[in-house]
């Protein structure tokens, strides 16, 4: 306090977070009364306080944010540079930037022309605040919350959500009125229950899918499929997981092998038809084994992957898949 008094008498002030609260308040009052000609301060002086100045000077464009030295972002620059120019006293504000190092043009452009960071309230009503409010006579926590910036932001967001809700409800009404979507004259529009029609359509699609599965199971029976799977036959290969391997070429005759059933005690082993096919696989999924030629071998725990495109630019490699 003793060391700062001579500076204040000469019109020079210092403001930062390390000063005592009453000293900071005194400096702010002197600055508002135009009794200070020069004020050296950190960016906290310009945050949320109406302290306009005739000229704002940046002695450097880098600052230490507690973790690293970085260039002042556009939001901080706008906040501090916006203090230049006193309403009713100055016709313009002057901002001086002292570049003490070379700056990348893109970083400088972002500094001067970038958008400021949005202001979002972090107000939180905790137990300590409630206890302090109860100590004050006639204190009303509900009134305090209603006057907070967080409450204002929530109300503004609620208005946007309400408007969005109304727009979505209008879209739902249009979808429900299926007659209005049809490009048919009103006189020619049939009258029927939309929900019942959609339900019936879904049931028919479900039944059709079930019948299609039954048809495929019937076509895959041994007595029907054996005569079609000769060597050289082109087939569409889809495995049990649903992966589509594209078109494949049958290489050998069908063989049979016994596989354990899900209930081996009751049903015993079941027979499975096996046919070797030639398919296009990605080279990355095929691990070549030394001394086994170009085809190589794949570990039992691994599985080749189908080529992404048969006619595209993806590199492919033929591989015998059992």
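Placed from the backbone N, Cα and C atoms, the Cβ positions cover glycine too.
Sequence annotations record features per position, and here TrEMBL assigns domain 'Helicase C-terminal' to 1-131.
Taken from TrEMBL, the feature coiled coil covers 151-181.
Residues or ranges marked as region 'Disordered' by TrEMBL: 292-322.
Residue counts for the domain 'Helicase C-terminal' (1-131) under DSSP, split into helix (H, G, I), strand (E, B) and coil, are 44 helix, 24 strand, 63 coil. Taken together, the residues in the coiled coil (151-181) have a mean pLDDT of 82 on the 0 to 100 scale.
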